[in-house]
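K.L.:
What Swiss-Prot lists as Zn(2+) 1 binding site is Cys586, Cys589, Cys592, Cys624. The compositional bias 'Low complexity' annotation in Swiss-Prot covers 415-424, 792-816. Under the heading compositional bias 'Polar residues', Swiss-Prot lists 467-476, 883-892, 934-946. Annotated SUMO2 cross-link per Swiss-Prot: Lys830, Lys863, in sequence order, evidence recorded as similarity to another entry. Among the features that Swiss-Prot reports, domain 'JmjC' is placed at 147-315, with the record citing sequence analysis. Summarising the annotation, Swiss-Prot assigns phosphoserine to Ser26, Ser447, Ser450, Ser470, Ser924, Ser948, Ser952, Ser991, Ser1004. Summarising the annotation, Swiss-Prot assigns phosphothreonine to Thr466 and lists similarity to another entry as the type of evidence. For 1195-1220, the entry in Swiss-Prot reads repeat 'LRR 3'. Residues or ranges marked as repeat 'LRR 6' by Swiss-Prot: 1276-1309. Sequence annotations record features per position, and here Swiss-Prot assigns zinc finger to 579-625, 632-698.
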Amino acid sequence: MEAEKDSGRRLRAIDRQRYDENEDLSDVEEIVSVRGFSLEEKLRSQLYQGDFVHAMEGKDFNYEYVQREALRVPLVFRDKDGLGIKMPDPDFTVRDVKLLVGSRRLVDVMDVNTQKGTEMSMSQFVRYYETPEAQRDKLYNVISLEFSHTKLEHLVKRPTVVDLVDWVDNMWPQHLKEKQTEATNALAEMKYPKVKKYCLMSVKGCFTDFHIDFGGTSVWYHVFRGGKIFWLIPPTLHNLALYEEWVLSGKQSDIFLGDRVERCQRIELKQGYTFFIPSGWIHAVYTPVDSLVFGGNILHSFNVPMQLRIYEIEDRTRVQPKFRYPFYYEMCWYVLERYVYCVTQRSYLTQEYQRELMLIDAPRKTSVDGFSSDSWLDMEEESCEQQPQEEEEEEEDKEEEGDGADKTPKPPTDDPTSPTSTPPEDQDSTGKKPKAPAIRFLKRTLSNESEESVKSTSMPTDDPKTPTGSPATEVSTKWTHLTEFELKGLKALVEKLESLPENKKCVPEGIEDPQALLEGVKNVLKEHVDDDPTLAITGVPVVSWPKKTAKNRVVGRPKGKLGPASAVKLAANRTTAGARRRRTRCRKCEACLRTECGECHFCKDMKKFGGPGRMKQSCIMRQCIAPVLPHTAVCLVCGEAGKEDTVEEEEGKFNLMLMECSICNEIIHPGCLKIKESEGVVNDELPNCWECPKCNHAGKTGKQKRGPGFKYASNLPGSLLKEQKMNRDNKEGQEPAKRRSECEEAPRRRSDEHPKKVPADGILRRKSDDVHLRRKRKYEKPQELSGRKRASSLQTSPGSSSHLSPRPPLGSSLSPWWRSSLTYFQQQLKPGKEDKLFRKKRRSWKNAEDRLSLANKPLRRFKQEPEDDLPEAPPKTRESDQSRSSSPTAGPSTEGAEGPEEKKKVKMRRKRRLVNKELSKELSKELNHEIQKTESTLAHESQQPIKSEPESENDEPKRPLSHCERPHRFSKGLNGTPRELRHSLGPGLRSPPRVMSRPPPSASPPKCIQMERHVIRPPPISPPPDSLPLDDGAAHVMHREVWMAVFSYLSHRDLCVCMRVCRTWNRWCCDKRLWTRIDLNRCKSITPLMLSGIIRRQPVSLDLSWTNISKKQLSWLINRLPGLRDLVLSGCSWIAVSALCSSSCPLLRTLDVQWVEGLKDAQMRDLLSPPTDNRPGQMDNRSKLRNIVELRLAGLDITDVSLRLIIRHMPLLSKLQLSYCNHINDQSINLLTAVGTTTRDSLTEVNLSDCNKVTDLCLSFFKRCGNICHIDLRYCKQVTKEGCEQFIAEMSVSVQFGQVEEKLLQKLS
């Protein structure tokens, strides 16, 4: 042998032949499967002239027909009118199917010649389908593309009768259907029998041999394009026996089954025909032209014996599970349970299933986090306070998203036989009256007749036909008759399920006691054996689910994580504001009237567009602009609804109108208020909304409320805002002189009116003309705006009624502290300029109109001014509003007589408060505009040096601005810190925003801007000066680095004081070395000004814990903080934290996501996985959190799945915080310290306090960690002190550990 090896001889290796059952043997089968009959002959033959198919019209095909005829004969409808069918547009093609179900969706394709199945992607099949007929090598046929839960689903609607009889819609638990997310028919992911909607795509020449649809299902079949030819064989016992023999013979290709039976019918279906094939009918199909067909399969209660017979045939012919009806016997159990429940009101479902299906009252918890401050503005399609007609309209809106159960008509009776009038959980067999909470829940969930239903369930009446063994409370006041077909079906189901062996009964988990259920069905059959078949034909299904409404959800679900303080305060307000209600659609604005856009993230989530349907939100473009109070809202004081329609006097109308406070959320009549010394602030942007006098008197302020659709209103075609702008522009073009004269006469006219009538007149005139309530300058065209500015600057004169005031000086409208802090900036103003600004503002305050409106009015209007309008406190009537549209600020400049001194003080105090508020809104919106429009500009330009002599905004440009020039409002940055950085700076040391030096731009970019061919980047910012210039021009003896050494010893509060000294110190004190850590912990509101301040300081550590920061804000921040290393986001929402999943996330060292709402294993996977939004050139496929050293995960609902991700993606992890994680156990620690894991050697500190599943065993796993120094097991109930002492003793050989506290182990130095 050695010689043979050395000789270099190589023997040939012989591989053993391996056989694969999936091996393609199509070449062999092509020879074997040669058809033994001529298909062309069968198409021309006159032998198949049976008359089984009945032609009908859609209007005659209703549920009453089903109860009478039981769907036993084939039906053809030459027109789909009256059937309730919905189909795509006529130009819909197979290519559109691919777009809607996904080009990568795998479909089962049948090779017609070999009758062998294979798989293709939709993209591949569409390419084949569009290939010319002459170039097709083979004939492929798609007959099993189920498209539920895809975008195609809601373009196709089944016949109404099919929805009413389908077991899937009416028997299968609805909450299981809602859990279905997988669009394919993978059995492992299937939550219900997914056979409702199929798309069949066949090319010319395709032939499907004789077959019976799986499970004995009936079939609806609509020829959308092309045509079909059917051969039909009735399911007699003889024919079924022949069929079974034919299938088992294996000679299907040799024998045409239609020739073996007594009678067979051939029928041709043309384009637009709808066909119904009953259960058990044997049929073959030929495609004469390329066709596109939509159809579906159903099981129903009117031919159950045939359905069971076909299922048994499938058992005997050994049909593969892939081609059978899924969950067949499970469905049978649910059918029995639903019939028993709807007839006797006794449920055999588990308690959990009953709660899910609204059959009993779910336990409701009261939580301080139950309501968010914006919940009164939540606009959902199924609002819980809709009027009955509004509910119908909303159900029509939701019709395409719902299933057949949602379309099931409710029985006309008000008795317990109605599935919607169900007994509560605590109602027992003795007829005990339900508890009050259950009654309240029923009242919330039932319709207008619910009171009678509750009475009927709580006080049952005796009936002679009480089902045997049924409690007295379950007796219906009106007997429900079952058809003979249903009775036969129920009997067949009971016999079949009883005959099954235990291992094949397939009892679903929702059935609590299957044997008791069978007995209950037998009792029902005994009681209904004498039912009148005529009375059973009612046209109404016996079985249907209770309609789910929005009341099943928590009404005030918070949108984001609230801080504890705000949550508690909100709950207190909730208890006092009993009349608070969720607002509903106005149904008048353009947003309410339009259809879904199909493009926004809410639309993409909807089931009708192929999404999972989890968000339950309406389209962004359909969010109401002006949501109204629901009809159930009543006054908190008198308990009555709004009665403004009962009077004609305008002042009386307002006093009887319901107003909702945007701060305390109380709904009240203004006339019912006892507080008269203060004034309310009416919100023009939202109907029936104000800041009530009580909150205003207490000095509370709230965020301006608007309808959720207001910010999208300008995008709506034909929106109200666009119409207002066009109308306003037309009026300005036609009547400029008339408006000016009206403005001049307005103060005189109003000063003569009675003071008490001023509020009502002004309010209602402006309310009636909605055009003036929502005037927004940012929707104007840029050329109109610039032209108007030029005209107003030329026309300004001391005597004119309308003067230009681009922005009031900051010091004039702010508090004394703010004015003192602005001294430095005011000194930079030119001598005459400051006086001119103050004179103008004083004149506008002292005129007669202002005194009347501020001193005598109980109410005032406030509006959010657009970015280029000024905050205005003096209210204007319609005439002054019209004049204001021609200039940024319009108002009478003539001074009136001085009023009483007290009124003057009150007026000035309110004026300052309002201007402060408006100014803050102005600056916030300006920065929001910058965030959206120029993301990178602000970070660079905000650090540009401040000019030695800034100009006041009152200076107009000396030449008109061309359209291509767009001045930048933030080109100088924001000097000082935002006032909201209160935790770092303190209440008394907030630096002011400086006066803007250039006029604001229009909101939309000028149309004549020509796009550059190359990227234009901003110039680099100039470095801060090295020395401090003095008044005489010389430089201070101490240079910048010396000053920086001094500044490093100052607190952030002191730095803010220094920033107000001069421009040089302002820039020096903003150096990032002085702001390595910024703490905004528990800050109530994160504003754009605060974000800009953070960006300017470039911190290394940022604490945003327990704030309401949004995803957009956090994304904007992390894009501009490349040096950020420590980020604290504890208590925020997952929506905000998900901003870290982007490729722009900095390489953090410390990440704190403790108590983040909604952060679970799936979210951890998104957080730790490599980002998918890499920019061109970014080839790094590693996690952006790979440098994490310290990770805090306390209070999260995570499991070992997340720990595996941590081990994989965080090789440097040293400190891990897992306290209050209830799923962490000893196995989790074993996983962290296993051989080969990076955490075994890198972990130094682990916090497992309050992890109740951790035991002493975990300590033995920690022995593997070579660098462990700190183990916190405090408050772990299953960890003992003895176990800790044993760990210390065993570790003492190599490392000395001690118990600093009980169960707190620390390495001793």
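Even glycines carry a Cβ here, placed using N, Cα and C.
Mind running through what each feature is packed against?
P.N.:
Cys592 (Zn(2+) 1 binding site) counts 18 other C-beta atoms within 10 Å of its own C-beta, drawing on all protein chains shown. Secondary structure from DSSP puts Cys592 (Zn(2+) 1 binding site) in a helix.
Across the domain 'JmjC' (147-315), the model assigns an average pLDDT of 91.
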K.L.:
When neighbour density is defined as the number of other C-beta atoms within 10 angstroms of a residue's C-beta, which of the binding-site residues Cys586, Cys589, Cys624 has the lowest density?
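P.N.:
Comparing Cβ neighbour counts within 10 Å for the binding-site residues Cys586, Cys589, Cys624 gives Cys586.
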K.L.:
According to DSSP, how is the repeat 'LRR 3' (1195-1220) divided among helix, strand and coil residues?
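P.N.:
For that range the per-state counts are 10 helix, 4 strand, 12 coil.
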K.L.:
Based on DSSP, tally up the residues of the zinc finger (632-698) by helix, strand and coil.
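P.N.:
Output for the zinc finger (632-698) reads 17 helix, 12 strand, 38 coil.
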K.L.:
Sort out the residues at least 6 away from either end of the repeat 'LRR 3' (1195-1220), same chain, that have Cβ-Cβ distances under 8 Å to it, and list them.
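P.N.:
Counting only partners 6 or more residues beyond its ends, the repeat 'LRR 3' (1195-1220) has Cβ contacts under 8 Å with 1153-1156, 1159-1161, 1164-1165, 1168-1169, 1182-1183, 1185-1189, 1227-1228, 1231-1232, 1237-1239, 1242-1251, 1272.
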